[in-house]
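One structure below.
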Amino acid sequence: MVCHVFSSFSSSLIRVLEAPLLLPAASASSSSSSSPASRSGGRRRRAAHVRPSPAIYPGRQELASHSSMLPTDFDIKVLIERHEALTDDVQEMLQHQRRRHQKTASGGRERIATVDHLRRLCMDHYFQDEVDDAMDACLLEELAHGGDLLDATLAFRLMREAGHHVSADEVLGRFTDDNGEFRLDYRKDIRGLLSLQDISHMNIGQEASLCKAKEFSTRNLESAINYLEPNLARYVRQSLDHPYHVSLNQYKARHHLSYLQTLPIRCTAMEELALADFQLNKLLHQMEMQEIKRWWMDLGLAQEIPVARDQVQKWFVWMMTAIQGASLSRCRIELTKIVSFVYIVDDIFDLVGTREELSCFTQAIRMWDLAAADSLPSCMRSCFRALHTVTNDIADMVEREHGVNPINHLKKAWAMLFDGFMTETKWLSAGQVPDSEEYLRNGVVTSGVPLVFVHLLFMLGHDVSQNAAEFVDHIPPVISCPAKILRLWDDLGSAKDEAQEGLDGSYKELYLKENPGLAAGEAEEHVRRLIAGEWEELNRECFSASPSRSSPATTFPAGFTQAALNAARMVGVMYGYDGERRLPVLDDYVRMLLF
């Protein structure tokens, strides 16, 4: 296992350093750009949202200067060797705990606690055999129904994450009074309250005990911060601001490590391995970012479509956070290119094309024929050539690695995205106001989430040839949930992020039109309830060991559902604007995970 870990890291780093860039057959030309102001019939809906904040999305000079800071091959070799040695140390510790567990009952609790630390540090996959052995179902069941709040809630979380059926009401009922309220003697159990707060976000719907758990733990942790010692107070504050289940684990891991380093009893090997792991992952992501940056600069679309968003770092952050693991480096790079085209095509529809041009653009995509785009403006032809090349390259890569060529399914996914954008264009040009539910259904498609995840599904080697058409036509909940969460969050932040001319709609705006007696705050609260409902549905999909009830014939690999969950976790970060129209949490994520 250890050798596999390091060969995965080293081979991924070498591939990023040496792999040739997958460039389009012809780069876009900046000399033939088309100004949206000169295009008759064009409707500018997002004219103020054409350039990102430099504080969050550094420009080319900043990114170029950063590339000179990358370590040498010798530095990489030293990092990998240290990671290998520390992994051996932690593995030896886990084996020692296993032997102790065989002798004493308390050893089981120690092993479960270690598994929790490894998961919070995003390192459990290096020790999968040991983790599986420690996750004894009988022990977890015993702890979940015991009388210790920390043990019970931790066991509940681990069991639910593993797909086991476990009742929140049964587990938490032991800690409530006759009225179903949590007993007051748990108000001072800080670690128990933190664990209770963790599981309160794992609601799969109609779990009243978890709603009460969230209210009870939040209220008492907030009041406890004032008297806790500083290190624990910071950890509690961070846990409340960024709840474990709905936050990116990579980000939480850094804060968990900082907390572990303040404890009187420490596991030095595990802490040092976490630091080495952070360094290697950051290095790998920096190299991936450099390759994507080179591809984007050589492509030339930023010069040809100057009003379009030029946010290479933002596009990469989506994939960096959703798809984890050194072995999936190439997957992150190629899917970042797909994400970039979603943004560029959105801007072409919003800012550049007339309805007639966009209709022809959509038809060319349906035909998947470059010649069909000959009559289009230069920027559209260049965009089509680029996305056509990248998509075909991905299909060829999937065929080489997995023996299936998914190009027909990928073409259909692209056509679905363009049809969704075309629907919005028709609404706008005709002055038509869709109802909120119709808007949201189309918004799932135009979010780009289904398109990206269709590509991901095939790149992971999952053969859905029997039902891929159904996957595209009837988007499964594991994809529609993060897509709806993204669309609704985006709409909540659109007033801060965009200055729109005309009504291309937001769910909140349309809902207010349908309910004229509501105040804006009530409509926003309705949207937040919808987001919470989508999280509950996504939890059901991710925590169920059986196929989805909505699509019983379809099961997805664990890496796929984890990516969907991570995408949902990142939405609030990507659209969490503060009062000054900044994204401070995203800035913190990027600084911590990439630079």
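Using the three backbone atoms N, Cα and C, a Cβ is placed for every residue, glycine included.
Per Swiss-Prot, (2E)-geranyl diphosphate binding site is recorded for R309, D346, D350, R487, D490. The Mg(2+) 2 binding site annotation in Swiss-Prot covers D346, D350. According to Swiss-Prot, the feature Mg(2+) 1 binding site maps to D346, D350, an assignment based on similarity to another entry. Here Swiss-Prot flags D490, S494, E498 as Mg(2+) 3 binding site. Here Swiss-Prot flags 27-40 as compositional bias 'Low complexity'. Residues annotated as region 'Disordered' in Swiss-Prot: 27-54. Per Swiss-Prot, motif 'DDXXD motif' is recorded for 346-350, and the stated evidence type is similarity to another entry. Residues annotated as transit peptide in Swiss-Prot: 1-46.
Features as recorded by Swiss-Prot, highlighted on the structure.
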{"residue": "R309", "record": "(2E)-geranyl diphosphate binding site", "DSSP (3 states)": "coil"}
{"residue": "D346", "record": "(2E)-geranyl diphosphate binding site", "DSSP (3 states)": "helix"}
{"residue": "R487", "record": "(2E)-geranyl diphosphate binding site", "DSSP (3 states)": "helix"}
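In this view, the densest Cβ surroundings among the binding-site residues R309, R487 belong to R487, judged by other Cβ atoms lying within 10 Å. In the structure as shown, the Cβ atom of D490 ((2E)-geranyl diphosphate binding site) sits within 10 Å of 18 other Cβ atoms. Between the candidate binding-site residues, D346, D350, the densest Cβ environment within 10 Å is the one around D350. Site extent for (2E)-geranyl diphosphate: the farthest pair of Cα atoms among R309, D346, D350, R487, D490 sits 18 Å apart.
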